[in-house]
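Some features that Swiss-Prot has for this protein:
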BINDING   R75, P76, F77, E85, H86, S87  substrate binding site
BINDING   V88, Y89, V90, G96, K97, G98, L99, G100, V101, N127  acetyl-CoA binding site
DOMAIN    3-166  domain 'N-acetyltransferase'
Amino acid sequence: MSASIRDAGVADLPGILAIYNDAVGNTTAIWNETPVDLANRQAWFDTRARQGYPILVASDAAGEVLGYASYGDWRPFEGFRGTVEHSVYVRDDQRGKGLGVQLLQALIERARAQGLHVMVAAIESGNAASIGLHRRLGFEISGQMPQVGQKFGRWLDLTFMQLNLDPTRSAP
């Protein structure tokens with residue numbers, strides 16, 4: 001699949017919204033049960049921009065959004081600066097074509113360029129494809145939490161994975 005990875009713009013928000021709401025309604029990748037509107041995604045976009053965090057999109061030659069990825073603060077406390085939690089979502093009809101790998105690789109490069117130290121992934125434990133993608137790019141499982149969420153009438157387990165972006169870096 002030939003896709004371009006680039007910074008998202010406001011014009012990409014309808015495509016991002018469609019992918020997000022599909023994940024809400026049909027997967028356990030997002031633990032929300034209520035779809036959001038464009039104003040919600042605009043507020044999210046504005047917050048990421050204000051914080052200096054990227055939103056990347058994979059797009060086809062026509063500019064159509066095929067997937068997106070982003071990261072933000074892991075926790076809102078000063079001691080966690082340098083650690084971010086990320087998300088990668090690919091449109092349903094584009095999964096399995098390597099877009100997740102492209103997006104996550106680009107996100108890792110961006111995090112390293114920003115001087116970040118650790119990227120964290122919080123993945124529903126039954127999502128073997130996402131766990132495999134993260135393992136492929138060097139993430140390791142750092143914890144598991146059984147039955148901490150619920151969706152579609154069942155309990156969800158959470159797997160945490162992390163990637164140390166610069167293992168040789170000294171503590172500040």
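Placed from the backbone N, Cα and C atoms, the Cβ positions cover glycine too.
Locations of recorded Swiss-Prot features on the structure.
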residue: R75; record: substrate binding site; DSSP class: coil
residue: E85; record: substrate binding site; DSSP class: strand
residue: V90; record: acetyl-CoA binding site; DSSP class: strand
residue: K97; record: acetyl-CoA binding site; DSSP class: coil
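Between L99 (acetyl-CoA binding site) and S87 (substrate binding site), the C-alpha separation comes to 13 Å.
Ranking the binding-site residues V88, V90, K97, V101 by Cα distance from F77 (substrate binding site) puts V88 first. S87 (substrate binding site) sits 12 Å from V101 (acetyl-CoA binding site), taking the C-alpha atoms as the reference points. Of all the binding-site residues in the record (P76, E85, H86), the one with the smallest CA separation from K97 (acetyl-CoA binding site) is H86. Within the same chain, residues at least 6 positions away in sequence whose Cβ sits under 8 Å from that of V88 (acetyl-CoA binding site) are G67, Y68, A69, G100, L103, L104, L107, S130, L133. By neighbour count, meaning other C-beta atoms within 10 Å, the densest spot among the binding-site residues R75, K97 is K97. Among R75, P76, F77, E85, H86, S87, the residues given in the record as binding substrate, the maximal Cα to Cα distance rounds to 20 Å. Here the Cα atom of H86 (substrate binding site) is found 13 Å from that of V101 (acetyl-CoA binding site). Taking CA atoms as the reference points, R75 (substrate binding site) and V101 (acetyl-CoA binding site) are 25 Å apart. Counted over all residue pairs in V88, Y89, V90, G96, K97, G98, L99, G100, V101, N127, the record's binders of acetyl-CoA, the longest Cα to Cα distance measures 17 angstrom.
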